[in-house]
Amino acid sequence: MVVPESFQLDQEILLDAGAQLHRLKMYPYFDVAHYLLMIIEVRDDLGSAASIFSRKHPLSCWLSSMLMCFADAFLANFLLGEPVIAPFKRHDDIILATIIWYLVFYAPFDGIYKIAKITPVKCVLAVMKEVKRAYKVSHGVSHAAKLYPNSYIVQVLVGTAKGAGSGIVRTLEQLVRGVWLPTHNELLRPSFATKACVVAASVLALEKSGTYLTAPHDLVYLVIVGFFVYFKLSAVILHVTDPFAPIENLFCAIFMGGIWDAVSRALAASRDRRAAGAHSNENGSSISTPEKKDQ
């Protein structure tokens, strides 16, 4: 099938779009969307006790919110052996995040919180947050590649930490609020955001090496942003929780012992049926023998 030239996407247009997207400044608009959604997650995790907790324990509430807002930088610095407190060196970011924290928890009639929960507003915030997520993953991989140019695993770990650090730091954030749930952490039950960041960081690490992936960086970055935005909107609008689940189930069934476990269960069930059949035959013969004697 021949596609008309009017419908063909020029590669230069895609590269220019990727370059423009890559050069977007995150401060303040994209940072506002990120801070707002992170602090809303803290409030949602508190549930109905959010209002009482924020008034009784404002310091704990503020600290847990800041941990979520800057979790990516905390975790990446920890992995690279850099000062963990470094995210607090920019007072502009702290002031902006604190203002948003105050509006989410203390605005009259919960106005900011309720507005952010409206679906169109939530979609816009989600798109902006995913653009920032792609930006952080890209910069995390680039920073790690400068320090460890021959280590793909370090680049992927740092890129994932920059993009999905909030899920991993959540256990510490809950501990600050007096909640200890060690069985509910991102390493045991990784969210789709963490899995997507692993995939994106792996692609960017391969693209950085130039050995296995030779596509232009701006084009790769544009595809990653589209990947993040598409699945985030699918989760918000269509409630698609984890698109990777079918692939994971198939992979585990083939390579993680799923097939052999199923065969073992089938053999065990077959043995149980044979044993039950033999036992019923023995009971039938023992019952028929006394009847013959009575006759």
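Here the Cβ of each residue, glycine as well, is placed from N, Cα and C on the backbone.
Remember, it's a predicted structure, so these values are computed and weren't measured experimentally.
Membrane topology taken from Swiss-Prot puts Gly47 and Ile247 on a shared side. Proximity of distant same-chain residues to the transmembrane segment (90-107), defined by a Cβ-Cβ separation under 8 Å and at least 6 residues beyond the stretch ends, is recorded for 27-28, 31-32, 35-36, 39-40, 43, 50-51, 54, 61-62, 65-66, 69-70, 113, 116. Counted as Cβ pairs under 8 Å, contacts with the transmembrane segment (120-148) are highest for 216-239 among 28-45, 57-80, 189-210, 216-239. Of the candidate ranges 28-45, 151-177, 189-210, 216-239, 151-177 contributes the most Cβ pairs within a distance under 8 Å of the transmembrane segment (57-80). Using DSSP to sort the residues of the topological domain 'Lumenal' (211-215) gives these counts of helix, strand and coil: 0 helix, 0 strand, 5 coil.
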